[in-house]
Amino acid sequence: VLSPSDKANVKATWDKIGGHAGEYGGEALERTFASFPTTKTYFPHFDLSPGSAQVKAHGKKVADALTNAVAHGDDLPMALSTLSDLHAYKLRVDPVNFKLLSHCLLVTLACHHPAEFTPAVHASLDKFFSTVSTVLTSKYR
C-alpha cells in the first residue's frame, strides 16, 4: 500500500519528468527488450531495432498509462481496469514482464534524474510500479 509520502514522492517525480514521460517510456521499453529478449515475443509485428518509431510509440502509451495512474493514485483498479482486461484477456502477457519493465523504468528514471533519485524516491517508485503491476495482473486470477 502506498503511503501518503510515497504518493507525494511519485507525484513530485512525475511532475519533474513532465514532457519527457513518453521519451522515457520508449527508452525503458528498449532497455527491457535488450535486457530481457523473451519480452520481444509479444511484439512480433514491431520493428524492435534501437530507435524504432513503433517502440517509441508504445513506450509513450506505457508512459501515458502511468501518468493516468499517478493522477488516480487513490483508485488504481478503476484507472487501470481497461488495460488490465486487455493484458489479461486479449494479449495474455506473462505477469513477470510487468516486473521486468518496472525495473527498466526505475533504471531509466535514475539515469535521467540521478540527483532526485534518492533512496526514498526509489522506494516509493518501486512500490508504485509494483502496485500498478499487481493491478494489471489482478484479472489473471
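Heads up, the Cβ atoms here are built off N, Cα and C, so glycines get one too.
Bear in mind that the values here come from a model prediction, so they are computed numbers and not experimental data.
Around H58 (O2 binding site), the same-chain residues at least 6 positions away in sequence with a Cβ under 8 Å from its Cβ are G26, L29, F43, F46. Marked as O2 binding site by Swiss-Prot on the basis of sequence analysis: H58.
Residues or ranges marked as heme b binding site by Swiss-Prot: H87. The DSSP secondary structure for H87 (heme b binding site) is helix.
Over the domain 'Globin' (1-141) the predicted model carries a mean pLDDT of 95. Among the features that Swiss-Prot reports, domain 'Globin' is placed at 1-141, with the record citing sequence analysis.
According to its DSSP assignment, S3 (phosphoserine) is coil. Sequence annotations record features per position, and here Swiss-Prot assigns phosphoserine to S3 (among others) based on similarity to another entry.
Cβ neighbours of K7 (N6-succinyllysine) (same chain, under 8 Å, six or more residues apart in sequence): G73, S124. The feature N6-succinyllysine is assigned by Swiss-Prot to K7 (among others), with similarity to another entry given as support.
According to DSSP, K11 (N6-succinyllysine) sits within a helical segment. Residues annotated as N6-succinyllysine in Swiss-Prot, with similarity to another entry given as evidence: K11 (among others).
Long-range neighbours of K16 (N6-succinyllysine) (same chain, six or more residues apart, CB within less than 8 Å of its CB): H113, E116. Feature annotation from Swiss-Prot assigns N6-succinyllysine to K16 (among others); the stated evidence is similarity to another entry.
Look at Y24 (phosphotyrosine): DSSP puts it in a helix. The phosphotyrosine annotation in Swiss-Prot covers Y24 and rests on similarity to another entry.
Feature annotation from Swiss-Prot assigns phosphoserine to S35 (among others). Under the three-state DSSP scheme, S35 (phosphoserine) falls in the helix class.
Positions annotated as N6-succinyllysine by Swiss-Prot, on the basis of similarity to another entry: K40 (among others). For K40 (N6-succinyllysine), the count of additional Cβ atoms within 10 Å of its Cβ stands at 13 [all protein chains shown]. Under the three-state DSSP scheme, K40 (N6-succinyllysine) falls in the helix class.
If you draw a 10 Å sphere around the CB of S102 (phosphoserine), it holds 20 other CB atoms from the protein chains shown. Residues annotated as phosphoserine in Swiss-Prot, with similarity to another entry given as evidence: S102 (among others).
If you look up Swiss-Prot, you'll see T108 (among others) marked as phosphothreonine, on the strength of similarity to another entry. Sequence-distant neighbours of T108 (phosphothreonine) (same chain, 6+ residues apart, CB-CB distance under 8 A): Y24, E27, A28, R31.
The phosphoserine annotation in Swiss-Prot covers S124 (among others).
In three-state terms derived from DSSP, T137 (phosphothreonine) belongs to a helical segment. Look at Swiss-Prot and you will find T137 (among others) tagged as phosphothreonine.
Sequence-distant neighbours of S138 (phosphoserine) (same chain, 6+ residues apart, CB-CB distance under 8 A): P77, S84. Per Swiss-Prot, phosphoserine is recorded for S138 (among others), and the stated evidence type is similarity to another entry.
In the shown protein chains, 21 other C-beta atoms lie within 10 A of the C-beta of Y24 (phosphotyrosine). Comparing H87 (heme b binding site) with T137 (phosphothreonine), their Cα atoms are 8 Å apart once rounded. Taking the Cα of K40 (N6-succinyllysine) as the reference point, the closest of the modified residues S3, K11, S102, T137 is S102. Counting neighbouring Cβ atoms within 10 Å of each of the modified residues (S3, S124, T137), the lowest count belongs to S3.
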